[in-house]
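*Asks:* According to Swiss-Prot, the protein has these features:
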DISULFID  CYS37-CYS113  disulfide bond
DISULFID  CYS158-CYS216  disulfide bond
DOMAIN    19-129  domain 'Ig-like V-type'
DOMAIN    141-227  domain 'Ig-like C2-type'
CARBOHYD  ASN70  N-linked glycosylation site
CARBOHYD  ASN137  N-linked glycosylation site
CARBOHYD  ASN173  N-linked glycosylation site
CARBOHYD  ASN186  N-linked glycosylation site
CARBOHYD  ASN225  N-linked glycosylation site
SIGNAL    1-18  signal peptide
TOPO_DOM  19-256  topological domain 'Extracellular'
TOPO_DOM  278-302  topological domain 'Cytoplasmic'
TRANSMEM  257-277  transmembrane segment
Amino acid sequence: MRLGSPGLLFLLFSSLRADTQEKEVRAMVGSDVELSCACPEGSRFDLNDVYVYWQTSESKTVVTYHIPQNSSLENVDSRYRNRALMSPAGMLRGDFSLRLFNVTPQDEQKFHCLVLSQSLGFQEVLSVEVTLHVAANFSVPVVSAPHSPSQDELTFTCTSINGYPRPNVYWINKTDNSLLDQALQNDTVFLNMRGLYDVVSVLRIARTPSVNIGCCIENVLLQQNLTVGSQTGNDIGERDKITENPVSTGEKNAATWSILAVLCLLVVVAVAIGWVCRDRCLQHSYAGAWAVSPETELTGHV
């Protein structure tokens, strides 16, 4: 096997795992993140002497690597091709950190960085294991208005989507901020097409005259709690109705006819005024036939 082949480097990598530094980093879905793997400041390296290898710790997936005189990255897994890069300028200074672009939920795992020196007989120069934690904000919970499948029970539904990691769901009695018994709720949590979590929680409680509860979606990694309340009163079951002033039907009809009568009277008055004005205008402007025909002068014959 050639000295500069990826296969040889993989064999060396599998046998050199002692004295590994451990680090943790957190990234949001869709963001870029740097996985640190660097020697002390002031270090200098020759890129024709060092071998650098990044892979996932558990599945041994090849993320990226640097081999002297070999620019091919054909062994890089397709999931990381064009997404995982090292800086040649940084490597000259001993910074072998990995830049990972467009983080996905599937990137949540441990990554191992190994640096070897050929001039030192492939001695390990640096070994770092970085645990990447991935997070995404859940949407603000939507709590449906309660409905009554029976006279003795109320049902609430709470929905939140596109979060990571898997959430915790709590229902809260907002009167005293106590947690409701989780036996009263039924949670459905599943991964959507984006690899993020959607959650639907259904709460069933005994019907009471007044209920003030809240649904809480907890993202442990982000230390984030999103809570939305839902309050009902004695008018449960009448929430879709609009309450008006108690005016009788007869009173409404009488008021309607009164308005119509006034409108009709106004129309009649307006028409009468119009006709009167028209007649007056005609009388003032008409001067008779003498006004429009010049007076004929009679001249007698001598």
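Including glycine, each Cβ sits where the backbone N, Cα and C put it.
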*Asks:* List, in sequence order, those recorded positions among CYS37, ASN70, CYS158, ASN173, CYS216 whose Cα sits within 10 Å of the Cα of ASN225 (N-linked glycosylation site).
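*Replies:* Cα within 10 Å of ASN225 (N-linked glycosylation site): CYS216.
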*Asks:* Would you mind checking how many other C-beta atoms are within 10 angstroms of the C-beta on ASN70 (N-linked glycosylation site)?
*Replies:* 15
*Asks:* What are the non-local neighbours of ASN137 (N-linked glycosylation site), defined as same-chain residues 6+ apart in sequence with CB under 8 A from its CB?
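*Replies:* The answer is MET28, ASN162, GLY163, ASN219, LEU222, GLN224.
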*Asks:* Mind checking how the domain 'Ig-like V-type' (19-129) divides into helix, strand and coil residues in DSSP?
*Replies:* 8 helix, 47 strand, 56 coil
*Asks:* Work through the recorded positions one by one (CYS37, ASN70, CYS113, ASN173) and name whichever has its CA nearest to the CA of CYS158 (disulfide bond).
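*Replies:* Closest by Cα: ASN173.
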*Asks:* Got a sec? Which of these disulfide-bonded residues, CYS158, CYS216, has the most Cβ atoms within 10 Å?
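*Replies:* Output for this query is CYS158.
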*Asks:* Are there residues of the same chain, six or more positions away from ASN173 (N-linked glycosylation site), whose CB falls under 8 angstroms from its CB, and which are they?
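*Replies:* Listed in sequence order: LEU179, LEU180, ASN212, ILE213.
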*Asks:* Quick one: pull the CA-CA distance for ASN186 (N-linked glycosylation site) versus CYS113 (disulfide bond), whole Å only.
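*Replies:* About 43 Å separates the two Cα atoms.
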*Asks:* Have a look around CYS37 (disulfide bond) and count the other CB atoms within 10 A of its CB, chains all included.
*Replies:* 25
*Asks:* Roughly how many angstrom lie between the C-alpha atoms of CYS216 (disulfide bond) and CYS113 (disulfide bond)?
*Replies:* 39
*Asks:* Within the domain 'Ig-like C2-type' (141-227), how many residues are helix, strand or coil going by DSSP?
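*Replies:* The composition, in the requested order, is 3 helix, 56 strand, 28 coil.
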*Asks:* Among all protein chains shown, how many Cβ atoms are found within 10 Å of the Cβ of ASN225 (N-linked glycosylation site), not counting that one?
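*Replies:* Taking every protein chain into account, the count is 12.
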*Asks:* Using a 10 Å cut-off, grab the number of neighbouring Cβ atoms around the Cβ of CYS113 (disulfide bond), all chains included.
*Replies:* 25
*Asks:* Give me the Cα-Cα distance between CYS37 (disulfide bond) and ASN70 (N-linked glycosylation site), rounded to a whole Å.
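*Replies:* Distance between the two Cα atoms comes out at 21 Å.
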